[in-house]
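As written in TrEMBL, here are the features:
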REGION    1-80  region 'Disordered'
COMPBIAS  1-22  compositional bias 'Pro residues'
COMPBIAS  45-57  compositional bias 'Basic and acidic residues'
COMPBIAS  64-73  compositional bias 'Acidic residues'
TRANSMEM  89-110  transmembrane segment
ACT_SITE  203  active site, proton donor/acceptor
ACT_SITE  308  active site, acyl-thioester intermediate
């Protein structure tokens, strides 16, 4: 026979006994735990639990996860040194190309515009000067005087074979500033129509490029020089390949009248040649013979044009030699009347 204890006081029969009263929760003591793979590292501490007032490593601790990172399926390839070198050189070449392109644009186009303005101004000043001279007088000595001020125009050059619109004012001097204006007369060389060598230099690329097509001039082509009082017609001498058989060949053509291979001290002089910049004796009274002094009566009236060659280079000089074949005095009553040689544009 079992024994049932009596029900607790104040509780109806069959009710479950009252549970024991709850005890207050105790504080969880601080525990020092070694993080896996990180000996001595603490975690689980709040900032207020740290006597130093600093935040514990718990907030930033990855619990040694870096030691367990899975390797990437495809490791990045090693740096391609050759590819970087090629790319670097490619960028340098592109930059250099742009610089060269800008330089060419400057030399060919921009300097042309600047020189065109200077040439127009020189031509306008020369025209005004000639008009003033026309009102002074028409004495027989007019043609022997030139106003040779460096950088100022004193004559004009025409090459009909290069087009009816080919004409430039020739200035005195061959400095860079002079040639920026137009063709320049070598100071000290002969003047138009005089015995000796009337020598003129000009740019071939940029800065007006008056002698850009000098290589297209052929033997017997006319080079006409206008001064305040006269027209002088020079014609290019035979080339080296034309000297033999000249008289029966091209020399028999009408426009070649007065043109023939020269003899005596001028023997061997041809219409076109290429020389080094140091060969300045090409503009001597007797070209290539600077030390030869001939009396004026024995000198041939020549004209020599010089320019750089090849184009965009100053390594050599292209030289054109021409001989005086005709001279026309200007009519004071009609000074604009041009010689027939200016029509030889074909």
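Yeah, the Cβs are placed from backbone N, Cα and C, and that goes for glycine too.
Nobody curates TrEMBL annotations by hand; they come from automatic prediction.
For residue 203 (active site, proton donor/acceptor) paired with residue 308 (active site, acyl-thioester intermediate), the C-alpha to C-alpha distance reads 7 Å. The Cβ of the residue listed as 'active site, acyl-thioester intermediate' has 20 other Cβ atoms within 10 Å, all protein chains considered.
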